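Chemist: Below is a structure I'd like to ask you about.
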Amino acid sequence: MQQLNKISYLNQIQSQQFDVELMSEEVGFTLDQLMELAGQSIANTVVQLNKEGKSYNKILVLCGPGNNGGDGIVSARHLKQFGLQPEIALFREVKNPFFNRLLNQCKYNLIPIHYELQDLEKYDLLIDAILGFSFKPPLREPYDKPIQQLKTTKTPILSVDIPSGWDVEQGNAQDFFTPQYLISLTLPKLGVKSFKGRHFIGGRFIPLKLQEKYNFIVPEYQGSDTILELSNL
């Protein structure tokens, strides 16, 4: 477990610039690679919670239109391969060829895909991958209703990178839902610094040259682990 005050936090501009640099010709990552690594980290977090005694078997992954949603779709495929029962909730038809490839992978893994609101209480765990660090208010259709559902549900929630609707720098400024769990990707965002739930981090791939260039304080993963729990001590 790593202390929260011994790690770098990113604001919105830094988060966006860092993604761009990772996928630059010089650094060489592709969006496919980054989503695969992120999705596996999300799934590994669920596995870790189950190892501790939770019974998160039937899981709904709520996915938005951006990279956060793509991470969620990939996580569903990994969860299925891990023997769990994920389902995906999208809230509009997907026209992006890249996303459709990810969805086809899930269809071939027999993962149910929904395009309408679901009864959240019939699931053991919800994965919130609706909106990411690029979100700017106000909430718009069709994502306003599922995010309101997350505020009232009794089913535990694992948010991806930042809870949907939160400001990447100011946090839950508009009083949206607060999840029980959070998995930050690469480095945590400023807006989750005061998060009180269980906070994990994944995305163990920050190149050493970029760590030095930006003077990042990065997570101290153990052995071959791909996730790490952060402590607020």
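Quick reminder: no glycine exception, Cβ is built from N, Cα and C everywhere.
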Chemist: The (6S)-NADPHX site in Swiss-Prot lists N67, N68, G69, G70, D71, G132, F133, S134, F135, K136, P137, P138, Y143. Which one of D32, D161, D175 belongs there according to the record?
Modeler: D161
Chemist: Given that Swiss-Prot assigns N68, S164 to the K(+) site, pick the one from D124, D128 that the record assigns to that site as well.
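Modeler: As annotated by Swiss-Prot, N68, S164 share the K(+) site with D128, chosen from D124, D128.
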Chemist: Consider each pair of residues in N67, N68, G69, G70, D71, G132, F133, S134, F135, K136, P137, P138, Y143, D161, all listed by the record as binding (6S)-NADPHX, and report the largest Cα separation in Å as a whole number.
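Modeler: Of all Cα pairs among the recorded (6S)-NADPHX binders, the widest measures 23 Å.
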Chemist: In whole Å, note down how far the CA of S164 (K(+) binding site) lies from the CA of G69 ((6S)-NADPHX binding site).
Modeler: 11
Chemist: According to DSSP, folded down to helix, strand and coil, what is F133 ((6S)-NADPHX binding site)?
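Modeler: In three-state terms, F133 ((6S)-NADPHX binding site) counts as coil.
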Chemist: Calculate the distance in Å between the alpha carbons (Cα) of S164 (K(+) binding site) and F135 ((6S)-NADPHX binding site), and round it to a whole number.
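Modeler: So the alpha carbons of S164 (K(+) binding site) and F135 ((6S)-NADPHX binding site) sit roughly 8 Å from each other.
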